[in-house]
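Below is one structure; the comments refer to it alone.
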């Protein structure tokens, strides 16, 4: 349904309009070699998906916060809360290098190293993007330390940078009108806009979405029957998909492949690419 803001899907490809049948793929024998476009779009969440913790919790572990900063306000903006927390920690002398070390040392989720090993061997078939409500500083630090940064075409997350005081600062990603998502980020809007933009250059046969949280359920709602949602087993995204399937059978269209270890995702992709 187009009320979601997503462009209509044509056949098994994402496209803002019906493809022009007169346009043929580039000929491989024309003397000009052009790489084949990727066949699949693989979307990752970060916290409790690529890494096995919530990175905000990792940053706060062992820190002594004043009472007003210990809990995010009920119904308030968590993004604003974390901005205040980071400012306080900066005032206490926690440096960007200290934060970077924490992010770099967050463990990967079970099987994630093996999954990325597999993806690096098949990178020409899969386009990877990351959509996360964490922050760009932490994500870039972790992915670079793990040797994974070059696999991602694009990272969408809350902007984080070092201000003139040397403090790590955080901002919201965007504004939106989705009633289900936090005010600073709707992943459905990000994914919809990305698919619309990429449809000018590439036709993805399938969109594959790996996540864990309630904010990953929202974008997975635009997936179609050919697509695959990989919710982490027993986490909010998995529970919400199950509830949706019970309440409205058929409303959630994508195939659902829950995972405890990311090796299960790798095995599914291996079959898909075969």
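Note that Cβ sites are derived from N, Cα and C of the backbone, with glycine treated the same way.
As given in TrEMBL:
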REGION    1-35  region 'Disordered'
BINDING   45, 47, 212  Mg(2+) binding site
ACT_SITE  47  active site, proton donor
REGION    55-77  region 'Disordered'
BINDING   56, 133  substrate binding site
COMPBIAS  58-73  compositional bias 'Basic and acidic residues'
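The list of residues near the compositional bias 'Basic and acidic residues' (58-73) in space but at least 6 beyond its ends in sequence, with Cβ under 8 angstroms from a Cβ of it, reads 81-82, 84-85, 88-89, 92, 94, 99, 102-103, 106, 138. Note: the Mg(2+) site is recorded as 45, 47, 212; in the same chain, 46, 48, 49, 50, 132, 211, 213, 216, 232, 235 also have Cβ atoms within 8 Å of that site's Cβ centroid. Cβ neighbour density within 10 Å is lowest for 56 among the binding-site residues 45, 47, 56, 133, 212. Residue counts of the region 'Disordered' (55-77) by helix, strand and coil are 10 helix, 0 strand, 13 coil (DSSP-based).
Residue 212 (Mg(2+) binding site) and residue 56 (substrate binding site) are 16 Å apart (CA-CA, integer value). Residue 45 (Mg(2+) binding site) sits 8 Å from residue 133 (substrate binding site), counting Cα to Cα.
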